[in-house]
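Peer 1: After the structure tokens below, expect a handful of questions from me.
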């Protein structure tokens, strides 16, 4: 019988898939420290019921810094001592994996079946890579491979007991010798290579070394949502992934999914663990840094005061070098300072820079012997009072030492983490960044950069000495993260719940330097949520409920709450601080024709640079009320070229003669209080013989302009009355 040639390639596959008598697989690694990388390795193996024997824990590492130089011979020495018991174990397969930068994504059976499917004739198999490390001059001596990578990598290899014993015992090795060079020289010896029956997994059918090929290796999901690594260059799906050299950040990305961590159908597989709650409330440190002009610090401090954590269990560290925030800090400390366990405060002009302050805070925290330290910047606004409690519980439950709550600028994709990092050390967008930010993928994620708010447990806090000065060419937060990456400390971002947001402060410094008395007033575009909370009247949203009827003080004169008392007070202070009130005459150079028919003592919004903000405000908050009351009239966006604050004083201009406004409709907002700030005042609508006191601070009168509502401003008899006037849609 003749066998058709095209069927021959199928025979090994059929044989391999019917193998039932697989050898035992023993997995071993060498690790002198219990690092985050080792924990990840063990967790990924455990997910597939693989037990890894860890050798060398607690032993002093003498093998050099293998990230940047040759070394690692100590691993061979430790393995050589251990391998004795497998000298004659021809029915046992030994696998070695590096400890700190490897992730498993398959069980023992799958690994062994893949080995026998592709390498059944071999006794030793090493992973392959595109670089001839550590001695490039050896490249010509390597055997040519038909397809795939041709250079040996010693981070992942497997073989039968006797061959593993022999290769580890061939030569004596010093701790500082290079382990990869050791195996390379054996592989390049053709006699030894054949004797040991060695081969390389050149197409990454089992072992994937990432360095130099990260663009080829992507994340895919099976139909059931199970994650797998896919090598697009060779159309293979490697089972064990090694982040050798500078590819560790990419391994961290893949490691967020592989090892049965995240499933596209089921979500995070390691989340939702039973939270390790304890009645014991540990002493923690709370560190706040204000090192640039940031708006709404007052609100940030209020949220800090509302944190659901006993203040007597908090060591408080505050650093503020911004003059505009000094009073905010003083007010906060006066109200809450004595409640804290202890505190250190730097508030005002200081020679201590932001970088030095952060390093000092770390040491101050350690000296207080805290269990956790939470470092936050002034632009982190937390609406979730349990943020610290949650992070502490996650740190304990998930065994993560550095974790940040995900917060971002509202309505934008800018957040406090990077999903990837470019070759120059700056931001790069990861494939999953958008999904994490939008909440389409939820969990806790190992990322290369976190900032704005970070929790350290005690162990990591001890390791962070001078981390913010690790690289002074970088910003302090980038320096800390680089220190963490270079030293194997994983940085996690948690997006399992909504914690708050980042305050936008990019252009705030410019507003401050312009000499504004209350620069937050100009923040309606950048930080609308906080602006609204501070400056919109608390009763405004009630009137926008469908069933609510807006009050009419006179026919078609609607009276409703609009601005907070604080806004009214600050607007008055801004205008008085500006001080260039018109003289009340008909001559007005601010107007196009230079003539004002009904003059007042006033300052226009465009004079103080508030025109754009006020137009947006009216379109956002006034127009919806107009559409609810004057039904059938729509004009979006609203227009106005007459927006101004009027000042009435008995000795200056106490009243205003009857007139029509040059508008489709107008609003007048009372800015101060009758009986407290002035006497008299009010508005009389002549056609209806109806008078409105207009004395509720922050309330707006809205009425038609040109035709029906002839009105006059009644005399202010004592004090000073201020109103805000806008002629809308002239």
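Quick reminder: no glycine exception, Cβ is built from N, Cα and C everywhere.
The following feature annotations were taken from Swiss-Prot:
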- 1-16: signal peptide (SIGNAL)
- 20-280: region 'Required for glycosyltransferase activity' (REGION)
- 30, 31, 32, 98, 99, 100, 245, 246, 247, 248: UDP binding site (BINDING)
- 268-271: disulfide bond (DISULFID)
- 281-507: region 'Accessory region' (REGION)
- 554-690: disulfide bond (DISULFID)
- 639-730: domain 'Fe2OG dioxygenase' (DOMAIN)
- 664-707: region 'Important for dimerization' (REGION)
- 689: N-linked glycosylation site (CARBOHYD)
Peer 1: Given the recorded positions 32, 247, 689, which one has the fewest other C-beta atoms within 10 angstroms of its C-beta?
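Peer 2: It is 689 that, of the recorded positions 32, 247, 689, has the fewest other Cβ atoms within 10 Å.
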Peer 1: Would you find the one among the recorded positions 30, 271, 554 whose Cβ has the most company, meaning other Cβ atoms within 10 Å?
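Peer 2: Most Cβ neighbours within 10 Å: 30.
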Peer 1: List the helix, strand and coil residue totals of the region 'Important for dimerization' (664-707) as derived from DSSP.
Peer 2: 3 helix, 22 strand, 19 coil
Peer 1: Return the residue, from the listed recorded positions 99, 268, 690, with the maximum count of other C-beta atoms within 10 angstroms of its C-beta.
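Peer 2: Sorting the candidates by Cβ neighbours within 10 Å, the top entry is 99.
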Peer 1: Can you figure out which of 30, 32, 247 (the binding-site residues) comes closest in space to residue 268 (disulfide bond), comparing Cα atoms?
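Peer 2: Minimum Cα distance from residue 268 (disulfide bond) across 30, 32, 247 lands on 247.
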Peer 1: By CA distance, which of the recorded positions (30, 99, 245, 690) lies nearest to residue 271 (disulfide bond)?
Peer 2: 99
Peer 1: Does anything in the same chain, at least 6 positions from residue 245 (UDP binding site), have a Cβ under 8 Å from its Cβ, and if so what?
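Peer 2: Looking at Cβ-Cβ distances below 8 Å from residue 245 (UDP binding site), excluding near sequence neighbours, one finds 67, 131, 133, 211, 212.
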Peer 1: Provide the three-state secondary structure of residue 247 (UDP binding site) computed with DSSP.
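Peer 2: Residue 247 (UDP binding site) sits in a helix per DSSP.
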Peer 1: Between the two most separated Cα atoms in 30, 31, 32, 98, 99, 100, 245, 246, 247, 248, the residues recorded as binding UDP, what distance in Å do you get?
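Peer 2: Answer in Å: the longest Cα-Cα distance is 22.
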Peer 1: Would you mind reading off the Cα separation of residue 30 (UDP binding site) from residue 690 (disulfide bond), to the nearest angstrom?
Peer 2: 90
Peer 1: Between residue 99 (UDP binding site) and residue 554 (disulfide bond), find the distance joining the two CA atoms and give it rounded to the nearest Å.
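Peer 2: Here the two Cα atoms are 80 Å apart.
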Peer 1: Of the recorded positions listed here (554, 689, 690), which is spatially closest to residue 247 (UDP binding site) when Cα positions are compared?
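Peer 2: Minimum Cα distance from residue 247 (UDP binding site) across 554, 689, 690 lands on 554.
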Peer 1: Would you mind reading off the Cα separation of residue 690 (disulfide bond) from residue 32 (UDP binding site), to the nearest angstrom?
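Peer 2: So the Cα of residue 32 (UDP binding site) lies 88 Å away from that of residue 690 (disulfide bond).
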